[in-house]
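Enquirer: Sharing a structure here in C-alpha cells format.
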Protein chains: 2
Amino acid sequence: MSLNLTILGCHSATPRVNAYPTSQYLEINNRHFLIDCGEGTQRQMRKYKVGFSKINHIFISHLHGDHFFGLIGLISTFGILNREKDLHIYGPKGIKEITVLQLKLSKSWTKYQLIFHELESKESELIFEDDKVTIYTIPLDHRVYTNGFLFKEKPKLRKLHIANIQQYDEIETCDYHNIKAGKDYVLSTGEVVMNDELTIDPPKPKSYAFCSDTAYKPSIIPIIKNVDLLYHEATFLNDREDLCEKTKHSTAEQAATIANNANVEKLVIGHYSSRYSNLKGFKKEAQAVFKNVELAEAGNLHSINSFPVKVLN
Amino acid sequence: MSLNLTILGCHSATPRVNAYPTSQYLEINNRHFLIDCGEGTQRQMRKYKVGFSKINHIFISHLHGDHFFGLIGLISTFGILNREKDLHIYGPKGIKEITVLQLKLSKSWTKYQLIFHELESKESELIFEDDKVTIYTIPLDHRVYTNGFLFKEKPKLRKLHIANIQQYDEIETCDYHNIKAGKDYVLSTGEVVMNDELTIDPPKPKSYAFCSDTAYKPSIIPIIKNVDLLYHEATFLNDREDLCEKTKHSTAEQAATIANNANVEKLVIGHYSSRYSNLKGFKKEAQAVFKNVELAEAGNLHSINSFPVKVLN
C-alpha cells in the first residue's frame, strides 16, 4: 500500500517561466490518476517522467484555464502516440463539448475512446470505484462549479498471524482466504477460533484529498476527515484575506484550519497568487495553526510512506 | 526599417521538455505580431521577454493543436493582466467558436474586445493594412485549411538629397514632404527640377513570409518572391520523403527548393519531426539546394539588419 503524489504544477493563473498551473499525478494502491491539467502539464509530465500510458483517468476540478487548458494538448498527444486504451475524463458539465469541438476543428479525432463523466451534483458523490480504490467528489466553493476529489484505498485483507495459525493443525492453506477476509475458524470439534486470534490488522488504507480552488468551506471537513494527505489551495496570505470572498480563494491559515479540524496527517498547500514572490509566509502562517505543512513545488514527490518529500529533478 | 523575428517554438506536435511547438514573434517596421500560438507560448514569451502588451494582432495558420492550443491561455492571461486594448485574431473559420465557448464555460469573459478575422479564402488575400505594413495570406497545402502569412513593410518616403536641394534657394522646408513623396519641384521660372535630382532611394522595404504547415507547394513562389526572410517548415529529411504526401509536410530539401526558386534572401527552417534527435541533417540537406539557411531554435532572433542571428538566452 502506498500513496505518492507528484506535484506537476501548483501556481495560480498568471504564467511565469518556472511557475506551472495546477496539475498533480497520484499513485495510490497501484492506480494512477492525473488531477487537473493546466497549460504545460504534458511538458511537466515529460520532465518528471510520468508515463503517459499509465494515465487512464483524468480528474478536472473546474473549467478555469489554469486547471484545464492543458487537457486538449494531452488528449491530442495521446493520439499522436497511437494510444489505444480508453481515457476517462471526469469534470464539470461542458468539458465534453469543448473537447469535442477542438478535436472536430482540428480534424484530429482520437482513435482511442474518450469517455466523459460530466459532474453536476452539489453533493459529494462516488465517481470511481474498482477493487483497489474509491474516488468521491468534494464540492467546493469557487466562482464556477468546482469539485475537489477524495481518493481512498479500499481496506486490504487482514494479515495472517502464522505463529498462532500453526497451533491448529487442521487449518490448511486453502482456509487462508476466508481467514484473511475476517472470518472465524470452526474446528472439527465445533470450537470457534476467533478471527482476531488468527490475524493481525492490515495497514490502514491511505487516503488523499485534493481541494482546489475554494473559499474557506468548513462543510468539507466531514468528507475529508482523517485523510493521510490533504492538498488545499492557499492563494493568499492574511494580508489579503479581503480578496478571498471576492475571488473565492483561501488563505494559508484557512487551509491549515481545515487541515487541523479535519485531523489530517499532513497538509500540502499551493496555488499561490503571483503577487507573492517569496513563499515563506505561506508556510509560516499555515504552521501557526497546523504543524505538518509542506509547500507544494513542481517536481516534489509527497509520499505517505518512508520518505515524506523527495525532489524529482 | 527593421525586421526582427524571434522563434518562440519551432518543433512539431509531440511535446518534449525543451521542444516547444510553433510560435513566432515578429517586429516589422515597429509593428508587433504573434504568429501561431502552440501550447506554452505564453511561457516562452515570458522567457524571451516579449512584452504581452505589444501584441495586438495574432495570426493562426491552422487549427492543429501545435499551432493554436496556447491561444486560449494567452487570451485569458491578457484578461488577468487587465488588458484594455482590442486584440485581433486572424485564423481559420471556427477559431471564434472555440475561443468563445472556452471563455463562456470558464466564465472568464475578457474586458477587452476580441475581434476575430476568420479566414476561408483559398486565394492569397490582404488581411491587414496600416500606414507601415501590409499582411497577405499564403494559401498552403495541409491536412486542414491552412494559411501562411506574408508581412511586407510599406515603401518609405524618399530620402532628401540635402546638398542638391540647397542649390535651389527657393525650396523651403515646407516643400520637403512633397519631394520625399516623389514629386518634382517647379521653380518660379517654370523650370522643373526632377525628383531624382532632389532625392535618393529609401531603403528597400523588408518582407517576411511564414509558411507552416505545408506539403511542397511551388504555386506559393509568386506570392513570396524576393522576400528577405522565409520561414518554411521542414518536418522530414529525404529519408522519410514518403511521409510528406500522407501528412502534408515538406522535407528540408523541398523547403530549400522553394527558397531558391523564390529568390529569397534567407531561409529559416523548423517544425522538425520528433523522430530526429539530431537536427544537423536538416541544414545539410537544405544547403545542398540553398546556401543561406538557418535552423530555427527557440530563443533565436533572426534580424534582417546587421546581426543575422542573436541568441536571446
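Backbone N, Cα and C define each Cβ position, glycine as well.
I grabbed these lines from TrEMBL:
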type     : residues                     : note
ACT_SITE : A:D66                        : active site, proton acceptor
BINDING  : A:H62, A:H64, A:H142, A:D213 : Zn(2+) 1 binding site
BINDING  : A:D66, A:H67, A:D213, A:H271 : Zn(2+) 2 binding site
Enquirer: With every protein chain in view, what's the tally of Cβ atoms within 10 Å of the Cβ of A:D213 (Zn(2+) 1 binding site), excluding that atom itself?
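Expert: Excluding its own Cβ, the number within 10 Å is 27.
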Enquirer: Could you tally the C-beta atoms, other than its own, that fall within 10 angstroms of the C-beta of A:H271 (Zn(2+) 2 binding site)?
Expert: 27
Enquirer: Which one, from the recorded positions A:H64, A:D66, A:H67, has the smallest tally of other C-beta atoms lying within 10 Å of its C-beta?
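Expert: So among A:H64, A:D66, A:H67, the recorded positions given, the one with the fewest Cβ atoms within 10 Å is A:H64.
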Enquirer: Between the Cα atoms of A:H142 (Zn(2+) 1 binding site) and A:H271 (Zn(2+) 2 binding site), find the distance and write it as a whole number of Å.
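Expert: Answer for this pair: 14 Å between alpha carbons.
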Enquirer: Check each of A:H64, A:H67, A:H142, A:D213, A:H271 (the binding-site residues) against chain B and write down, in sequence order, those whose C-beta lies under 8 A from a C-beta there; write 'none' if there are none.
Expert: A:H64
Enquirer: An 8 Å radius from the center of the A:H62, A:H64, A:H142, A:D213 Cβ atoms defines the neighbourhood of the Zn(2+) 1 site; name the other residues of that chain inside it, in order.
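Expert: Here the nearby residues are A:S61, A:L63, A:H67, A:L140, A:R143, A:V144, A:T146, A:S212, A:T214, A:K248.
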Enquirer: Do you know offhand how many angstrom separate A:D66 (active site, proton acceptor) and A:D213 (Zn(2+) 1 binding site) by C-alpha?
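Expert: Here the two Cα atoms are 10 Å apart.
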Enquirer: Other Cβ atoms within 10 Å is the metric here; tell me which of the binding-site residues A:H62, A:H142 scores highest.
Expert: A:H62
Enquirer: When you average the Cβ positions of A:D66, A:H67, A:D213, A:H271 for the Zn(2+) 2 site, which other residues in that chain have a Cβ within 8 Å of that mean position?
Expert: A:S12, A:A13, A:P21, A:T22, A:D36, A:G38, A:S61, A:H62, A:H64, A:S212, A:E233
Enquirer: In whole Å, how far is A:H271 (Zn(2+) 2 binding site) from A:H64 (Zn(2+) 1 binding site) when you measure between their Cα atoms?
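Expert: With the alpha carbons as reference points, the distance is 13 Å.
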Enquirer: According to DSSP, which of helix, strand or coil covers A:H142 (Zn(2+) 1 binding site)?
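Expert: DSSP call for A:H142 (Zn(2+) 1 binding site): coil, neither helix nor strand.
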